[in-house]
């Protein structure tokens, strides 16, 4: 009679679109650095959102360049960025179950992913305010059109919401994350290139104005010198 050897039964595991570390091992390895990271940055992001809330509440008394509507929109986006990052880190940092909180998968992914459209959108509006003040034209007129840029911003948020929620429900749809990240990279590169180009144009304009002022000053000195010579000769 042959004896059969028992094989260990593999437990089914949930499919993950973005696998994470082995948290018990990782926490032991990182030690105090892990605590400083999620608590420290969580508090800093909370302070950022608090300061932006105060700035937004004082918008009526604000004096400066740019439209107030852009100022409010930029502050609102950065406020959302800081608040969601603070909640993400202090509630359940990186899905580590650090605080014993087991929030829904879709909420965790959304709190993390929403930061990217908030950042790119705020930089986009900052660049728009910069172009309005300096009166510089960069590329097609649509890139300086509020309605067009608002449409791009809305599309970015829709892509993030759709991708993060869909992947949290069905991890096999992880290709949506590639679409989401690709949009972020392309849009970020376009904004970076626009910033660099417009910055170079401002520098060139300042240099031209400086040269013109030097030329005017030089001509005035020559005129004053000629006037003094004529006065000496007539005297």
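Here, residue 1 is simply the first one shown, and the rest follow in order.
Even glycines carry a Cβ here, placed using N, Cα and C.
The feature domain 'Proline-rich transmembrane protein 3/4' is assigned by TrEMBL to 13-220.
The feature transmembrane segment is assigned by TrEMBL to 38-59 (among others).
Below 8 angstroms of C-beta separation, residues 38-39, 41-43, 45-46, 48-49, 52-53, 55-56, 59, 62, 64, 99, 101, 103, 108, 111-112, 114-115, 118-119, 121-122, 125-126, 129 of the same chain, each at least six residues beyond the ends of the transmembrane segment (71-91), sit close to that stretch. What TrEMBL records for 71-91 (among others) is transmembrane segment.
Panel annotation: around the transmembrane segment (106-133), residues 65-67, 70-71, 73-74, 77-78, 80-81, 84-85, 87-88, 91-92, 95, 144, 146, 149, 152-153, 156-157, 160-161, 163-165, 167-169, 180, 184, 187-188, 191, 194-195, 198 of the same chain, lying at least six beyond its termini, place a Cβ under 8 Å from a Cβ of the stretch. Here TrEMBL flags 106-133 (among others) as transmembrane segment.
Under the heading transmembrane segment, TrEMBL lists 145-163 (among others).
TrEMBL lists 175-197 (among others) with the feature transmembrane segment.
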Annotated stretches the transmembrane segment (145-163) and the transmembrane segment (175-197) touching (3 or more Cβ pairs under 8 Å): yes
Chain residues in Cβ proximity to the transmembrane segment (38-59) (below 8 Å; excluding those fewer than six residues from its ends, i.e. six or more beyond): 68, 71-72, 75-76, 78-79, 81-83, 85-86, 89-90, 93-94, 96, 98
